[in-house]
Ligand code: HDE
């Protein structure tokens, strides 16, 4: 194996790729076909006849094109890349070579997803995002099947069908699609207080990522690292995005769902196509075995985090995605993740949610992919050698030679031979207990960490959470369900419960049975993300005939140099005429797009251009809406007049930057800082008509 492991997977995939260039159309049997547009008929106007094997094969194949979508996480997008550890320092804790061999690039395939919606649902709905990584290591495949939130709705795998039935569209009319804002979900939530912590995350802006490239990933459960001596260390896996954690706002997500339902999918695809490869850092929270009971929660409880202030992240390596798949179905749809795919050096714990998952993933692939040979599908194949006595079944692709398909055997020389010590060895843990259907007492606190999350939020993050609860519960018809949720929230924080109750018109609750413990974990807030890059940020320039082309040219050049993606928008496609008669190409016509698809907006100068834009409702609305959503706004020269019309007040401290000339360094730097800050959520937006 060379150090360029990505090539190892790539080379393997190459054998499965089919290139149709310079080829003749054939049937699946390889028979050339002259005419695939007319079926074989008895006379020009006669019936189609059975002899037409091309017709029958083509239509039969078409009739069978669909496979069941995933029961959850049906909508997703994937990409290839690699993982590279920083150094070998983890070698004392784990045997997993891909984590401990400096410079070793392990190929990966990552699939991001929403959870509740169908395959064709919109990307920007309020939901958890899946973040599943398949590492094709030399020791076999390791799947880290995580989410963008560090906790889960339930504590025991046996509750998963109940939870999913509650959040999915209701069974009588299959409404609503890809939404948690309905009675059955909230009924489950109010009756099952263990959901409370996760519901705080789901009502926060974490459920509305700006991009898959700008969200965290978490393994959620506590896993175990195991070293050469068989000693274990508890571990939580974290992915931290290089571009920072950034979210959309609720109003924006709803509009994007209509204007570009593929918003997150397109973003991932385009950034890889343009060479701006998404990147994450893998960080581990490590807890020595002897500290298993050192916390005021149970490490085996997947509704709890280990606060980063208590156990800081240890940076371990980086993940880079640098290649889009060739075929969505073959790769992204057929990729099969399974929590049980672990390599030597990584093991499970007794987390009952994790244990439930160990059963479900293999089981679901059997129905989804039609039998037990799905690991042979190219995207699923390990780069490590596969040799065993598994045989036959649907779609067997391997031609296993030899007489003996059992162990032990003497007829085939005893091959394949057990690895004898170098294979996977399960962590030895003494387990003693009564067979019992009972939740551990150590799982009983369902509110403490929900309160921790609430306490850790900034003012605007809290406002967004309250607004989300009001929206979701406002859609619930059953009053007792609304009241039940408010009762639970009262145990999280009394003020939160009162604010929600007032918003949905139920009786505000009395004093809770517990008071807010006052603790917080600053790492949970998105209010202090580093604002040091505008890479891949989309910036719109509003233009019309008479625009000052030098403003556009000069600013676009500078912003593009810093990695931003600049586009000109006008009433119509084609080009507009600059103030000196020069041509300014138009990237997109305003009616085909919207401010919600951009991160920032600039109004260049040019009297005639600004006057035309002022008469165009689309342009004025664009500006007001971008402002309302807290985005950076820049205006140059006469461009400032359009701001007045859109009720946007210049305020450099809140990301509205106005200047006389485009090439002043002060303007450029202030605007770049504003774009890098992502959003100014503390603007006064009530008077803005958007
Ligand atoms: Fe999953 N989950 N899950 N899940 N999950 C599936 O497997 C399941 C859970 C996650 O991009 C299914 O192949 C059970 C937690 C992701 O292909 C299914 C339980 C976390 C994906 C399944 C959980 C996840 C899935 C559906 C509770 C975060 C998409 C299709 C015991 C740590 C993977 C499939 C992809 C998919 C079962 C809970 C993440 C049915 C029973 C917790 C990212 O097997």
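A Cβ is built for glycine as well, from the same backbone N, Cα and C atoms used for every other residue.
When TrEMBL is compared with the stretches 507-526, 527-546, 547-566, 567-586, the one noted as region 'Disordered' is 507-526. TrEMBL lists 70, 111, 160, 357, 361 as binding heme, and of 105, 368 the one it places in that same site is 368. TrEMBL tags one of the stretches 1-37, 112-148 as region 'Disordered', and that stretch is 1-37. If you take the C-beta of residue 70 (heme binding site) and look for same-chain residues 6 or more apart in sequence within under 8 angstroms, you find 76, 113, 364, 368. Distance between Cα atoms for residue 111 (heme binding site) and residue 73 (active site): 10 Å, as a whole number.
When Cβ-Cβ distances below 8 Å are used as the criterion, the region 'Disordered' (1-37) is approached by residues 53-54, 57-58, 61, 80-82, 103-107, 136, 138, 322-323, 326, 330, 378-379, 381, 383 of the same chain, each at least six residues removed from its ends. Secondary structure from DSSP puts residue 147 (active site) in a beta strand.
For the region 'Disordered' (507-526), same-chain residues at least 6 beyond its ends with a Cβ under 8 Å from one of its own Cβ atoms are 205-206, 245-247, 305, 307-309, 447-448, 451-453, 455-458, 461, 483, 486-487, 490-491, 493-494, 497-498, 501. Every protein chain shown contributes to the tally, and the Cβ of residue 73 (active site) ends up with 22 other Cβ atoms within 10 Å.
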